Structures are given as C-alpha cells and as structure tokens.
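Enquirer: Sharing the features that TrEMBL gives for it:
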- 9-202: domain 'Poly(A) polymerase nucleotidyltransferase' (DOMAIN)
- PHE88, GLY89, SER90, ASP101, ILE102, ASP103, ASP155, LYS216, TYR225, GLY234, VAL235: ATP binding site (BINDING)
- ASP101, ASP103, ASP155: Mg(2+) 2 binding site (BINDING)
- ASP101, ASP103: Mg(2+) 1 binding site (BINDING)
- 207-351: domain 'Poly(A) polymerase central' (DOMAIN)
- 354-523: domain 'Poly(A) polymerase RNA-binding' (DOMAIN)
- 511-562: region 'Disordered' (REGION)
- 532-541: compositional bias 'Polar residues' (COMPBIAS)
Amino acid sequence: MTNDRGYLGVTPPISIAESTEREKEVTLTLMDELRRQGTFESDEEARTRELVLGRVSALVKKFVQKVGVMRGLSETSAVASGGKIFTFGSYRLGVHGPGSDIDTLCVVPKHVSRDDFFEVLEPMLREFDGATEVAGVPEAYVPIITASISGIPIDFLMARLALSSIPEDLSLQDDNLLRNIDERCVRSLGGSRVANEILRLVPNVQVFRDSLRCIKLWAQRRAIYSNVNGFFGGVAWAMLVARICQLYPNAIAGAIVSRFFIIMYQWSWPQPVLLKQIEEGPLQVKVWNPKLYPADRAHRMPIITPTYPAMCATHNVTASTQMITTEEFKRGADIVDKVIVGTAQWSELFLKHDFFHKYRYYLQIIASTGDADLQIKWSGTVESRIRQLVMKLEYVDSLILAHPFIKGFEQICHCVSEEEIRAVAQGEISETIAKRKKEDIQGQDGAGPVYTTTFYVGLAIEPKQPGAIGPRRLDISYPTTEFTKLVKMWEKFDESSMGIVVRNIKSSLLPNNVFDPGERQPKSAVKRSKGGKSSNTSPDMPSSKRPRTSSNPPMKDVPVKANENGTILALALAPVVETAGAFTPKGSSGIKSPQLPFGENVAVATGAQQ
C-alpha cells in the first residue's frame, strides 16, 4: 500500500539496501534463539486454534439467528442476517505464542443488542462443548466475555453495526461502518481495524512478524510490556516495529531489530510515531491532534494508530516509564551491536529484568478481599490506578523516578482469626499462615481465606548532596494518601470486604514470591571501606553492581491500614556518598549514543513528519 510518492509511511526510507551477509547470519541465529525460547506454538496447537475459531464462527451465526427469531424475524431472515468473527491482537498479527489468547470480535447486525451479547451469547458459551471459565465483564471500558474453549483462551468483544445483515465478505476497513454506532462499538472495532491496517502498511509481513516476535519477547523479559502500568502495550510495540520496517523496506529481521533499538533510543519525543498521515473521517469524534487538544500535547511518547479515528496508544506513559523504556532501548542497542560483531549472543538480549535487585526501597500496594471473584475486580481496579500513584510520586522532591512493576503477585492465605486476616492484608504473612492449607481451617469459627494481590513500585532516590549532614527523610505521605482515596472512590468499593494497604519496604525484606527459585542472593553484611565512605555506588540508585543488603540501619515499615487515613510516614534514608550514574539523561557526557551504520541518518525518520 505505497503512497503516491512510491513508499510506505510518512517519510522516505532511510535505506532501501538489501541486508548484508552478516545480517542474514544473525537473522538465522535470532530465529534459532526465538525457537529455543519457546515463542512458537506447535503445529498441533495451531490446528486446534483453527478448529476452535471455526466452531466459534458457527456459534456466533447461531447466536445472531436466535436473537433474530426472538425479535420476530422469520427463520429465513434470521439465518440471512449473518454474523461474522474477526481476530485481532497477537493472533491476527501472526506473532502469538503457545497458550496465548485469541482476541475475537463478534460483528452483529442492528437487531442484536449489547444486552443480548451477555444475556444470550454468554449462556450459549457456558453450554458450548469444551468451554470453561466463561465470564462476562459488561461494565468494562471495552465490554468483554472471556472463555477457554478446548484449552484455547478467547476474549470476545462485540460490535453492532447499523446494518440489517452482516455479509460474509464484510471488510472492517470502511470508515462509513462507524456511522450510527455507539462509542463502545467504535472502540471494539478499533483493535481489528488497527491490526489489519498495520499488516497493510508494512513492506514485508514475514520480516515484520519475525522482528516483532523478538521485540515482544525482549519487552516482556525486561518488564516493560504493560499499557496499564505506563509502558507500551502490544499494539504500540507492533506499530514501532512496523515503522522501522517502513524505513528499511528490504531489510530482514536481524537488521530491523538492530535499527529498532538505535532509532528508538535516538527518537525525538514527543515527535509522534506515525505509520501514515492522520486522516479525518465521517464522525464527530476526537482525532489525535496536539495542536488542538492540550491532553494530546501532554503525551510523552506518542505512537498513533493508523486507522480513523487516530488515537494515541501510549497515553499512559509517565516521566518515569519514559526514562526506564529509553534506558532499555540503549541496553538493547548495545547488546545487538555486540551480536552483529560477534561478541555477544542473542540470549543476552532476553535476560530477565533485575527490578527486585535494582532499588533499595520499594512501595508495596496490597489489595485484599475474602472472595476470589471479587478479588479479580478489586485488584484490577487498584492496578488501573497505580499509574496515578506513580505520577504523584514523580513530584516528590529527591525522588528521581518511581518504577512500577508490570504485574501483581497473587496469594491465598487461610486465616483462623481476625488478627491473622488483618496481618495478611498488611503484607505480614507468618510461616504458620503460609503453610496452612484450606482443609486445615474447615469448620473453624471466624476462619476463612484472604485473597491478596501485591503490586510494587521501585523508588530511585537522589544521592545525598556533598556536605549535607544527618539522615534525610523522604515524605511520600501525600501521594500515598491521595492514591488510597482514589481507589476507594470506586463505585463498588466496600470498606468491610475490601482492603487497600500501601507501605514502604526495604529490598532486604522483599518476600520470596517475587523471586524465581535460586534467584535470591544470600543476605550478608557489607563492610564499609576505611574512612567510613561507601563504595562509588549509591544504595538508593538503580545499580547492577550494588549489593542487595547493606550495613545501614533497617528502615521501619509503616503499614497503611484500609480503615485508617492512608498515610505513610517519612522514610529515613541511609547516607549516600556518590551516584551510580544509572538513568543519566540522554546526551550527557560519559554515555556513547548508539549509532546507525555509516550513511544512514535517523533524522530522515522524523524530518518530514509534521
């Protein structure tokens, strides 16, 4: 789908050269490594997915037919009204892995309502052969039914078009289909329309898929794959890779991945990443436009969807997550540079993150309830608000960044008393409670399960200024108080059945469940060098060289109870001598910026984007 100037994208390519022999060699080793890492599903699983989708397609037609008859249509008219499924997300893009879900959009005619989706299709799914774990979430921002069919997880969305029937050859790329439908249907259609358009806008689909598999695995391993927590989600990563493919239309995966890291590290944010020029359309809806909308101007790393209405897929990015993502781009560029010259292996790119070794202090956010279904909704609500906590923490003096971890840690504890329930809700899980099983508490009065989901935010603290005397204090009571107030404003919040606790915790006191088996380093005291000065790494700054524990006095943890005012007392900070230098701003001395090969200019990628 080249434009009238003969190329894909909003600028000419940086290079139309074919890949070198060395780039072909490293592409082969990259694909071998991706296979070794288990990113491809088996032929058997692929066949199962196709069979399941065929059965789901027939079920959706049956659902539309059933509703049609309920609405008074004749049997013939009800059958003729059709109904069609479209996939989107990783499956549609062709980069799904073993066990990944299939995002499925059910497109239905105008006589089928959203209520029918939950009141008719959901019960039909419950009765469907091989279906388990069927759950509807009608109140979600994009209403959804989740299910597992023959072991394949599927997320169902619905879009109701202003058509009396859905033809078998329907294409969703026609903007006029968006006329006379509600906002939730526009949102539901968005995922499929964007995935289709991305595939239309890349010069070589297979090269795009191979490259995106690599970038997805890297982002997941480095813990920067999460839209809800302020990093990039799957669609954003796909659009970034697609843009690099446009800039190097004849390159293969190894070359695309190499250029990806260098260009993204050097990108002039908030210059947007666009796959094509933003277009107007038939609706009275907001199209991303930083010149018109202040909220759009505030987007730090805008990556814009290529379909109407154009939206920013990365509006959740904060100052902290931008800094972390940029550092990861640089790390990736350095490793791939070594892979190209033969001094490193691809496996080094995919090494696990060091989040739980990286900081001296963490915030622990604990969401708790006594009911498994309620816990899913409550913990999801808390997680969706953590980005707001991070943004408030960024305003705290002497805090360099607040680093949210991309997932929560779930636990079920079986408690026998009110005291135990309170302790677990505050993160205090004794060995006795941890070892107790469900059968151990059966029949006991006041006993029951406590479901907890714990989220973490790493705190990078400024080094102590030369000449400063005495311990420092970091006051984060305001951000944490405001955060607990915010989550309690959820309309379904119930003080008696839901707990929210925010507390600070020292790295040496992190629970074992955040580490892989054998990952936790043994705790040993670190001796100070003569003269009382510490080494040249700050215990408060992220550092790969810093020991996990130190001889500094322990910091007192101050839990915030759900039924109190939600404040955290100031942290007393141990003395710091020098900074480790991590997260140094771009362009500062001492950091050599990764460079494109001679003759390739990154400015080409942004120069013509207006």
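Cβ atoms here come from the backbone N, Cα and C positions, even for glycine.
Are these features on the surface or tucked inside, and what are their neighbours?
Expert: Counting every protein chain shown, 16 other Cβ atoms lie within 10 Å of the Cβ of ASP101 (Mg(2+) 2 binding site).
Around ASP103 (Mg(2+) 2 binding site), taking its Cβ as the centre, 23 other Cβ atoms fall within 10 Å, counting all chains.
Averaged over the domain 'Poly(A) polymerase central' (207-351), the predicted model has a pLDDT of 96.
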Enquirer: Within 10 angstroms of the C-beta of VAL235 (ATP binding site), what count of other C-beta atoms is obtained when all protein chains are considered?
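Expert: For VAL235 (ATP binding site), the 10 Å Cβ neighbour count is 23.
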Enquirer: With every protein chain in view, how many other Cβ atoms are within 10 Å of the Cβ of TYR225 (ATP binding site)?
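Expert: 21, counting other Cβ atoms within 10 Å of TYR225 (ATP binding site).
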Enquirer: Expressed to the nearest Å, what is the distance separating PHE88 (ATP binding site) and ASP101 (Mg(2+) 2 binding site) at their Cα atoms?
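Expert: PHE88 (ATP binding site) to ASP101 (Mg(2+) 2 binding site), Cα-Cα distance: 10 Å.
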Enquirer: Taking the Cβ of ASP155 (ATP binding site) as the reference point, list residues of the same chain whose Cβ is under 8 angstroms away and which are at least six residues distant in sequence.
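Expert: ASP155 (ATP binding site) has long-range Cβ partners ASP101, ILE102, ASP103, THR104, ILE144, ILE145, THR146.
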Enquirer: Write out how many residues of the domain 'Poly(A) polymerase central' (207-351) are helix, how many strand and how many coil, based on DSSP.
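Expert: Grouping H, G, I as helix and E, B as strand yields 75 helix, 6 strand, 64 coil.
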Enquirer: In the same chain, outside ASP101, ASP103, ASP155, whose C-beta lies within 8 angstroms of the Cβ mean position for the Mg(2+) 2 site?
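Expert: My list of surrounding residues reads GLY89, TYR91, ILE102, THR104, THR146, PRO153, ILE154, PHE156.
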Enquirer: Given a separation of at least six residues and a C-beta threshold under 8 Å, show me what packs close to SER90 (ATP binding site) in the same chain.
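Expert: Correct list: HIS96, GLY97, SER100, ASP103, LYS216, GLY234.
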